[in-house]
Amino acid sequence: MRNITTTTRKMLLLVITILLGIAYHGEAIACPQVNMYLAQCLPYLKAGGNPSPMCCNGLNSLKAAAPEKADRQVACNCLKSVANTIPGINDDFAKQLPAKCGVNIGVPFSKTVDCNSIN
C-alpha cells in the first residue's frame, strides 16, 4: 500500500511540475489581456491631453506581460486591430502615448505598423 502512495505522490509531483512549466512557458499574450491593460487609455487616445495614471499603469503592465518578440508582435496586432475598429482613436495621440507615460514597450502605436517587423 505504501508503494502505491509513494508512486501516486511522485506522479502528482511530476504532473504539477509539467503544469508549472507549461504555465511559465505559456502562449503569447492574448488580445483580451492587451485590451484590458489599455482600456483606461481610450479617453486619451480619442481626445489627447495627458493619459491618466491608470492608463500608464496599464502600459507598464503590458510591457511586463510582453517580454518576448512573439508577445510584442501579438500585442502589436491587437493594438492595431483595436485602433482600426474603435472609431475616434487618433493615430498621433496613439504614437505619443508611450513617451507621455515614459514607458517604451517596444511596440509602436499605429494603425499602419507592420507588426512582423517588431523585434
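Note: Cβ is positioned from N, Cα and C throughout, glycine not excepted.
Some features that Swiss-Prot has for this protein:
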type: DISULFID; residues: CYS31-CYS78; note: disulfide bond
type: DISULFID; residues: CYS41-CYS55; note: disulfide bond
type: DISULFID; residues: CYS56-CYS101; note: disulfide bond
type: DISULFID; residues: CYS76-CYS115; note: disulfide bond
type: SIGNAL; residues: 1-28; note: signal peptide
To which of the disulfide-bonded residues CYS41, CYS76, CYS78, CYS101, CYS115 does the lowest count of other Cβ atoms within 10 Å belong?
CYS115
Using a 10 Å cut-off between Cα atoms, which of these disulfide-bonded residues sit near CYS41 (disulfide bond): CYS56, CYS76, CYS78?
CYS56
Enter the number of other CB atoms within 10 angstroms of the CB of CYS55 (disulfide bond).
22
The most crowded of the disulfide-bonded residues CYS31, CYS56, judged by neighbouring Cβ atoms within 10 Å of its own Cβ, is CYS56
Roughly how many angstrom lie between the C-alpha atoms of CYS115 (disulfide bond) and CYS78 (disulfide bond)?
10
